[in-house]
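For reference, TrEMBL lists these features for the protein:
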DOMAIN    8-95  domain '2Fe-2S ferredoxin-type'
BINDING   C47, C52, C55, C77  [2Fe-2S] cluster 1 binding site
BINDING   C117, C120, C152, C154  [2Fe-2S] cluster 2 binding site
DOMAIN    237-422  domain 'FAD-binding PCMH-type'
BINDING   L265, V266, M267, G268, N269, T270, C271, V272, D368, L412  FAD binding site
BINDING   Q626, F657, R771, A938  Mo-molybdopterin binding site
BINDING   F773  substrate binding site
ACT_SITE  E1120  active site, proton acceptor
Amino acid sequence: MSHSKESDELVFFVNGRKVIEKNPDPEVNLLFYLRKKLRLPGTKYGCGGGGCGACTVMISRQDFITKKIRHFSVTACLVPICSLYGAAVTTVEGVGSIKTRIHPVQERIAKGHGTQCGFCTPGMVMSIYTLLRNHRESSTEQLMEALGGNLCRCTGYRPIVESGKSFSPSSSCCQMNREGKCCLDQKEKNITFFSLKVCTKLYEKEEFQPLDPTQEFIFPPELMRMADEPQKQILIFHGERTTWISPGTLSELLSLKMKYPKAPLVMGNTCVGLEMTFKDVFHPVILSPARILELFMVTNTKEGLTIGAGLSLAQVKDILTDVVRKLPEEKTQTYRALLKHLRSLAGQQIRNMASLGGHIISRLSTSDLNPILGVGNCVLNVASIEGTQQIPFNDHFLAGMTDANLKPEQVLLSVFIPVSKESVAPQQPPHDPVGRPIMHQSGIKHATGEAVFCDDMPAFSEELFLAVVTSTRPHAKLISIDASEALGLPGVVDVITAQDVPGDNGSQEERLYAQDKVVCVGQIVCTVVADSYTHAKQASKKVKIEYQDVEPVIVSIQDAIKHKSFIGPEKKLEHGNTEEAFQCVDQIIEGEVHFGGQEHFYMETQSVLVVPKVEDKEMDIYVSTQDAAFTQEMVAYALGIPKNRINCHVKRVGGAFGGKLTKPALLAAVAAVAANKTGHPIRFILERADDMLITGGRHPLLGKYKIGFMNNGKIEAADIEYHINGGCTPDESELVIEYALLKLENAYKIPHLRVRGRACKTNLPSNTAFRGFGFPQGAFVTETWMTAVAAKCHLPPEKVRELNMYKTIDRTIHKQEFDPKNLVRCWEKCMENSSYYLRRQAAEEFNQQNYWKKRGIAIIPMKFSVGYPKTFYYQAAALVHIYTDGSVLVAHGGVELGQGINTKMIQVASHELKIPMSYIHLGEMNTVTVPNTIATAASTSADVNGKAVQNACQTLMGRLEPIIRQNPHGSWEDWVNEAFTQSISLSATGYFRGYDAHMDWEKGEGDIFPYFVFGAACSEVEIDCLTGAHKNIRTDIVMDGSFSINPAVDIGQIEGAFTQGLGLYTLEELKYSPEGVLYTRGPKQYKIPSITDIPEELHVSLLTPIQNPIAIYSSKGLGESGMFLGSAVFFAIADAVAAARKQRGLDPSWTMNSPATPERIRMACVDQFTDLVCGSSFQSKFSAVPNDAQCLEQGG
């Protein structure tokens, strides 16, 4: 080894400021360092595995070879702090701040309505910002690529893309601007109600500040000097358990590899880091070759390319792109194949981090690059202290055979990729905001990272951390808990069990801490309290639990039916006489279909911070929840104290979708017990894997149907049976099955209809509320049998749907009267907007000309009922203060989840008080200011809280009215001060009793819902019959939003819900072991829609407004309804599959389970290749009902 100078000093820059760390810990990542050490909370924790992009930051380095400055985005959760030597890090705080100056990227994503809950927004900002640092005028393709590693669960991506595209000179406010006008700017929209008008432009592009590159951070000259002489020193950092060594020369690296043959080489840390984080893999020594020049060399000869193993996949992509441009096509077959897969391999951040060498050596089973390199006859150039060697990149190497593998002391230097040898074929007042697309109240703070979420709050004095110990058995008695080893570890304060709960340990059905038995894998058995989360997590692995297994273990719906394991009684609705009707029809079909579950995957994981006070057993609970009052109640019961000692605070929530309705209360109570015992503040933030394991999701459903119909497609009778998988406790399952029954008919009038349903009790974590609440499952079954009827009658599905649709004022299955006029209008408008029949004909022509690719198109109507089944669920309260300077403070009982409720409440107050929005502030929601609140859910929160805010404001205006009459030309401040001098109260509570709602299940009737939301969606897809992949070509959505209080917010809700529905019906698949162990516990295994999954064209339009007098300002709640419209993509896929099956001479009445994953699509397109897998009995096996393995995949 050469004698370079040793150094234990890490030098890098963050947001232009120099950072020096002596002996940094190699196990500390950049995300932790930024948030906890530098107190820069704008960078968010979303998954901890680099899969969501919430923690995106920009890193800048000087290239060793070209000496140019490279800016690239990375996920901070995977970046070891030790790897940052010589780097400049830019976080969202360094891009811009509301305290100084916001950056144009931040401004445009906020004003362009690209933010809802805002938790993902800093990451989005950083990805776009990094792109602009490299390409000031980027293309749409570059933008989509840059955002490919950033997940959003709220927006549907369209406004984020549009915000990024606004930096291009040819950008537009929407996709239809090529016609010279905005798609919303239609005369029919300018309909006036109550002297209000809907504004049709979502933002004014002229308001945006220009991009000024001169205002960006310069790359520190000190780092340039450091980069010029990497070989001068060897960096050695000794952590608590691990030593990090970064040599400056190749000879030093080879000597170290001989000395430490088992030490991994870490470049991007995308493989080793994941193993250390999620598999508890420990490495005493880590070698970092990031400063070895030989690993970054590129040589281009007529034989081929030699690419340094240290280059990132993004750099490899750029190199290949450049070479492909210069060489004849016949020589670039391998290069082009690599480029195709590099465009979709992980996200941009991972491609920026992962090295070519690391990707090859890791031999990931999911890698598409390695097989291409193998068939391309590539060669690996390796070195050791003994010399160099060439290893063929072939199947022996891929299989890890000893004679074709690297020896422990060898290092991969470069990869030779030869050129290809053969060619292949290739009226309102200006200040009145109601009806206008007002930017989200926190949009700018979302974009700058200054919006504070629960875990962003500064540490409290003597704060402790909580880690969970969960059951590893699905059904067992608890014999013993041995925490002795855990308690002996450094930093551990205590281990909390059921014995430590002073009050109620939850309910008999759902315990806070497991007591005597466990009923699912993932149930909380105990928690470890320590001085850091790292110490708590390490200690949690040392708790020993002894179980005694109990039978039966029930995982699937079929298991539950077999063992008669149910939650609550059977529910039933019926009208007409189904038995008689079945005797009078032309045809009858019977079938079954399975609908898989769904994970909420909110970007902010479950989070709670409990702060005990010194007096009277009071506690402050800072929690990410949809239902603060329920959290307050559970904490009070657990501690055995009155509710008035507990104050729950909710500033904002980083996405929820129903998943933060009941679970946060349980988790807050768990943390409160720990805080009560220790007397310390407790921070309890679930890791993504624990969150997915513990909290449950959408209920899987098994639907059975018997349908009687005439030959013309008219359905006369239907007998339906639903079973949902409720999990191990009741939670919301009984209400979900009720809603599935109440809403199953969707848009259709079935004269004779009977439906029964039950919730199954299984040994899975309890499933819970989820956007749509039973409707996406139940209505999916309805659309399945509607499609089946069409196939049997040899009719187009849209004709059968239209024939059976409600047309005139009628009654639902639960005998509630409604007018379907807007349902019909949505259907007709969607048909018109989508040019349905022309595109249907074009798809059929395409299918005739293509055997292995097929296109499908489907149009789906929707009747969505809004609300709760009981009146008291609709009550709401508000508190409005006017201060003597004229400023106004508003508080209400709703929670800001990203749906824009706070923005709308400010709009309501502004309209009612007749003052600008800038006068009004809306702070946190808490249970002291507004008590006894109802959960923010069921699409009604803006309705009912808006009524309460309106009531309070009208009370105040009534008090001010005599003063205004006496001084009509005075200012708002004059009137307020005069009221104060006259001792008139400037504070008022507002209250809304709620809509009348009732349901009698004995009679099967009730007026439950205040109103209905109607809509329709048309989707077109293209499937690849050989791979099962599909492409979303176009979706048109028409929604009846009545009069929108904020069109930008409402369209964002429609797009976000549709995209989440697209994931539900086509991508997202939960997989369990036969023992009920969840396999899909992060974005690596569980795929939600990314920016590349949304339709290439997405058009959303609102019907011309008509009055909805029951809701505030004639508006409608649109938060959930769009979810079901994602099924249009599913049925378009089914249409394409049906075309493939028809061409192959297969049964047209085939049924596909949800989700329509590539595997299901591929196996449905039966051919000689599927026969090799499934044999001749494939068709009987691939029935509507999944076999046992398929059930386990979906938790069904």
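Quick reminder: no glycine exception, Cβ is built from N, Cα and C everywhere.
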C-alpha of C120 ([2Fe-2S] cluster 2 binding site) to C-alpha of C55 ([2Fe-2S] cluster 1 binding site): distance in Å?
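Rounded to a whole number, the Cα-Cα distance is 8 Å.
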Which one is it: of the binding-site residues C154, N269, D368, whose Cα lies the shortest distance from the Cα of R771 (Mo-molybdopterin binding site)?
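Spatially nearest to R771 (Mo-molybdopterin binding site) by Cα position is C154.
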Same chain, not part of C47, C52, C55, C77: whose C-beta falls within 8 angstroms of the C-beta centre of the [2Fe-2S] cluster 1 site? Give them in sequence order.
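The answer, listed by sequence position, is L31, K44, Y45, G46, G48, G49, G50, G51, G53, A54, T75, A76, R688.
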Give the sequence-ordered list of residues that share a chain with C47 ([2Fe-2S] cluster 1 binding site), lie 6 or more positions from it, and have CB atoms under 8 Å from its CB.
A54, C77, R688, G1082, P1083
Give me the long-range Cβ neighbours of C271 (FAD binding site): same chain, 6+ apart, Cβ under 8 Å, in sequence order.
A354, G358, H359, S362, L364
Mean pLDDT for the domain '2Fe-2S ferredoxin-type' (8-95), as a whole number?
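For the domain '2Fe-2S ferredoxin-type' (8-95), the model's average pLDDT rounds to 94.
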Of the recorded positions N269, F657, E1120, which one sits closest to C154 ([2Fe-2S] cluster 2 binding site) when you measure Cα to Cα?
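It is F657, whose Cα lies nearest.
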Work through the recorded positions one by one (C55, F773, E1120) and name whichever has its CA nearest to the CA of M267 (FAD binding site).
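If we rank C55, F773, E1120 by Cα distance to M267 (FAD binding site), first place goes to C55.
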For A938 (Mo-molybdopterin binding site), which of the listed recorded positions (C52, C117, E1120) have their CA atom within 10 A of its CA?
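Near A938 (Mo-molybdopterin binding site) by Cα: E1120.
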If you measure C152 ([2Fe-2S] cluster 2 binding site) to N269 (FAD binding site) at Cα, how many Å is it?
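Spelling it out, the Cα of C152 ([2Fe-2S] cluster 2 binding site) and the Cα of N269 (FAD binding site) are 24 Å apart.
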When the Cα of C117 ([2Fe-2S] cluster 2 binding site) is compared with the Cα of each of the binding-site residues C55, Q626, F773, which one is closest?
Q626
Suppose the [2Fe-2S] cluster 2 site is C117, C120, C152, C154. Which further residues of the same chain have a Cβ inside 8 angstroms of that site's Cβ centroid?
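Nearby residues not in the site list: T115, Q116, G118, F119, T121, R153, T155, M603, G654, G655, G898, G1056.
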Which residues, sitting 6 or more apart from C55 ([2Fe-2S] cluster 1 binding site) on the same chain, put a CB under 8 Å from its CB?
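Spatial neighbours, sequence-distant, of C55 ([2Fe-2S] cluster 1 binding site): L31, T43, K44, Y45, G46, T75, A76, C77, G123.
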Which Cβ among the binding-site residues (C52, C117, C152, A938) has the fewest C-beta neighbours inside 10 Å?
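Ranked by other Cβ atoms within 10 Å, the binding-site residues C52, C117, C152, A938 bottom out at A938.
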Rounded to a whole angstrom, what is the C-alpha distance between Q626 (Mo-molybdopterin binding site) and F773 (substrate binding site)?
15
Same chain only, sequence gap of 6 or more: which residues have a CB within under 8 Å of the CB of F657 (Mo-molybdopterin binding site)?
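The answer is R153, H600, Y602, F770, R771, Q1060.
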In Å, rounded, how far does the Cα of N269 (FAD binding site) sit from the Cα of E1120 (active site, proton acceptor)?
39
